[in-house]
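First comes the structure, then the notes that go with it.
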Amino acid sequence: MGRLKVKGKAGAAKNFTTRSQAVKKLHWSLRFYSFLGIFPREPRSRKKANKGSSAPTSFYYTKDIAYLAHEPVLKKLREHKAFAKKLSRALGRGEWSAAKSLEDNKPVYRLDHIIKERYPTFIDALRDIDDALCMIFLFATLPSTTRLPREIVENCARLAAEWQLYIMHTHSLRKVFLSIKGVYYQAEVMDQTITWLIPYSFTQNVPPDVDLRVMLTFLELYQTLLGFVNFKLYTDATLVYPPPLDAKKDDTAAGVGAFSLQTAEVQVKKAAEKIKSVAVDGRTVTGKDVRQTIKSITAASGEQESGDSEMAELEENVEEEEAFVPQTSHTQVASDLPTLQTLSSLPTSSTSNLFAPYTFWISREVPRSVFEFLIRSFGGRVGWPASSGSGSPFDESDENITHVIIDRPSVQKEETPAQRDLRLRRKFVQPQWVVDSINASKILLEDTYAQGKSLPPHLSPFGEYNGAYDPTAEAEAGDDVDMSDVEEEEAEEAASDDEETEPSKDNVEAALASVTEDPATLRAAELAAEAAGMDYGTFEAKVKKASKKSSAKSSKSSKTVEDAEKDMNKMLMSNKQRKLYEKMKYSQQKQAAENDKLESRRRKLQKDKATQ
């Protein structure tokens, strides 16, 4: 006899747990579930999952809730809750020594194990770093409030600066886009494409109706993730992590210039020098002095030969221990898996040193943090005025400056011959020139982006979808169409003026009607027009007009045939396929309408410019 099935003990009722049951089992609020990677699930039958009830509720997997019951973070959070109760009780009673003892032994949780569980390999962490970067760069620009502690903002700013320093050091940046939301960056790190958004440096206000608790929960996880990623990247590049910070430069708004990148070899040498030399009674004693003292002692005791041999053996052993002998690894690695050696040996892009031959000067109105990062990421040297922050490697009078990035209209002012000569030897460009040159992977002409000129359209280099409007692709063709339309309209107007005086207009119209159907009748139409006294330009305009009408009729007839075929095909589709097809066609029509709208605006602007 088979096992008896009990209602509510098997199937969906066993696999799913309601929200109230999960809270009752774990004794903890729901806001930490998503923090630990547990999200609501939708069962196939909500009625079966809820044991016959149709009341609206959220469902979780029973296995996920059982997994959370053994989570170390949840245990630490419960300990912290008990600690908070004990601390408030001690403060209320005035037991200051007990409160200080509790504060010293406060429970602290770490999220390292969650990062290791979610990302088994480093490449997995890099693939999922986009959201972490966007969140951390956002909080790095926010002001500290009672709801947002200062320590969190400072930590986010430090992590963001470390990431930018690595991108500049390795020249990993590839594309940039200046949008309304902020600046989009795209880099290639270990053959992984990473895109993130940095908001503009404006004064930010945190709205009071925004719930920061959920965002701070994710931010805590993202800070741990980015800390791991930065440590791994710096270590693989033989750089010291965390990079040393100069507090004085940081106080004077030096930005990323307040950090100094140091290789691990320099740090090892400094540590070795500290170990080899020891200060005794104000005198520095090195390892060589110690060995000489030992030699003199052994020589005085008559054991010079044995002492020398022992010292020689000791020195040889020390040298053998200190010397690093590389050994070949016998571990077999699958050829299809990427390793650090294969990723580091990837060919670098030819555009990584795009600005290496140039030296830039950033004017005070240009956002220095953005363009310093861009120029240094592509090998260029950059300086800025003192009003934009300290740490500039050179001043404005430097003769090596080749480009000046300026974003204000040109003003005529008196200048000395030396100043005029210096100005003529430099290129004054607008900030968009830097971004467009990066996206084009080449140095563009500076005259198009000169100071005070109207800029060309700044397009997204990411190519989100096909069929997007591109004003540069149709500019030349659009100009030709506009000129032909103008000429055609003028010819039609002249033809309409001549039609009033034509004696045999009906004969000419009849001859023109058959031109598109049979090209052999073109000669007869020309003879009829000549007999009617019509000039050749008017005749050509009428031929074009008649051909347009015939082509429109043929296209309309072909369109009706295509629509009929599409209707027949739609009848053979399933309901799901039909809905998907209609949704796709709706998006295409919407995109086409938007492109037509933008194209009409462009034509209108060109027409107004031509009339002016």
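The backbone N, Cα and C atoms fix where each Cβ goes, and this holds for glycine too.
Nobody curates TrEMBL annotations by hand; they come from automatic prediction.
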I'm validating the feature mapping. Which of 343-401, 461-519 is tagged region 'Disordered' in TrEMBL? 461-519
Which bits of the chain, at least 6 residues beyond where the compositional bias 'Basic and acidic residues' (559-569) starts or stops, bring a Cβ under 8 A of a Cβ in it? none
Tally of helix, strand and coil residues over the domain 'BRCT' (350-451) according to DSSP? 33 helix, 14 strand, 55 coil
Residues in the region 'Disordered' (544-612) grouped by DSSP into helix, strand and remaining coil: 65 helix, 0 strand, 4 coil
